[in-house]
Amino acid sequence: MAVFLEAKDAHSVLKRFPRANEFLEELRQGTIERECMEEICSYEEVKEVFENKEKTMEFWKGYPNAVYSVRDPSQSSDAMYVVVPLLGVALLIVIALFIIWRCQLQKATRHHPSYAQNRYLASRAGHTLPRVMVYRGTVHSQGEPSGHREAANSPQVVLGPSRGGRTTVRLESTLYLPELSLSRLSSTTPPPSYEEVTAPQESSSEEASVSYSDPPPKYEEIVAANPGADK
């Protein structure tokens, strides 16, 4: 449905009502206070108008419609002087605790060897070769029978279990040297030197007189030379 009005009726509907300062409305510059009172301003808008931090903070502190509060930059710098030393002290405490823990760990490992070292020592002890123990036994008296002496002088082999599932063989025997043999060993002449052994030997006079080209002696000659051989 279209509605058409005459000019007089149309002006009565689309009429503009001017303000109280009708003539000075366009000449008078608006202030930030009036604009922020009529509307809700943000901190960035106030900062663009004043272009000064001190004036901006002064207006913002007294502004009733402030949506959020803005901290003073000087207060944040003061807080840094408190936070930084606290962080440094906390870091030093953590480093000290780590050093103490490392020292305690090293002491514990020195007193108690590791599992790998224990296995190495156990395997090394299990693969050791059997030992042959030779000791000097007591000298028996002359009145003992020869059977006991032979039993005492004969070696004894003892078998026993060992580590690693193997058997150890222990040879027990009594080794001693009589005094007579010691005296004989001390009175014997030393062996000849290398020069004496390698020196050319001189042939004796008997060997020189015997001629190997002569025929062997006969049986009668041998019997005549040794008459007591037949007896």
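Glycine too: its Cβ is placed from the backbone N, Cα and C atoms.
What Swiss-Prot records for 20-65 is domain 'Gla'. Across the residues of the domain 'Gla' (20-65), the predicted structure has a mean pLDDT of 71.
The 4-carboxyglutamate feature in Swiss-Prot is assigned to GLU22 (among others); the stated evidence is sequence analysis.
What Swiss-Prot lists as 4-carboxyglutamate is GLU25 (among others).
Residues or ranges marked as 4-carboxyglutamate in Swiss-Prot (evidence: sequence analysis): GLU26 (among others).
Among the features that Swiss-Prot reports, 4-carboxyglutamate is placed at GLU33 (among others), with the record citing sequence analysis.
Annotation comment: Swiss-Prot describes GLU35 (among others) as 4-carboxyglutamate, evidence class sequence analysis.
Taken from Swiss-Prot, the feature disulfide bond applies to CYS36-CYS41.
Swiss-Prot lists GLU38 (among others) with the feature 4-carboxyglutamate, giving sequence analysis as the kind of evidence.
In the three-state DSSP assignment, the secondary structure recorded for GLU39 (4-carboxyglutamate) is coil. GLU39 (4-carboxyglutamate) is surrounded by 9 other CB atoms, counting those within 10 A of its CB over all protein chains shown. According to Swiss-Prot, the feature 4-carboxyglutamate maps to GLU39 (among others).
Residues annotated as 4-carboxyglutamate in Swiss-Prot: GLU44 (among others). Around the Cβ of GLU44 (4-carboxyglutamate), the same chain contributes no residue under 8 angstroms that is 6 or more positions distant in sequence. Under the three-state DSSP scheme, GLU44 (4-carboxyglutamate) falls in the helix class.
Summarising the annotation, Swiss-Prot assigns 4-carboxyglutamate to GLU48 (among others) and lists sequence analysis as the type of evidence. Within the same chain, no residue at least 6 positions away in sequence has its Cβ under 8 Å from that of GLU48 (4-carboxyglutamate).
A C-beta separation below 8 Å, combined with a sequence spacing of at least six in one chain, links GLU51 (4-carboxyglutamate) to none of the other residues. Positions annotated as 4-carboxyglutamate by Swiss-Prot: GLU51 (among others).
A 10 Å cutoff on Cβ-Cβ distances gives GLU54 (4-carboxyglutamate) a total of 9 other Cβ atoms nearby, all chains included. Positions annotated as 4-carboxyglutamate by Swiss-Prot: GLU54 (among others).
There are 12 other CB atoms within 10 A of the CB of GLU58 (4-carboxyglutamate), with all protein chains counted. DSSP assigns GLU58 (4-carboxyglutamate) to a helix. The annotation 4-carboxyglutamate is assigned in Swiss-Prot to GLU58 (among others) on the grounds of sequence analysis.
Per Swiss-Prot, the feature transmembrane segment maps to 79-101.
Annotation source Swiss-Prot lists topological domain 'Cytoplasmic' at 102-231.
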Secondary structure at GLU51 (4-carboxyglutamate), reduced by DSSP to three states: coil
Inter-residue C-alpha distance, GLU39 (4-carboxyglutamate) and GLU58 (4-carboxyglutamate) (nearest angstrom): 19
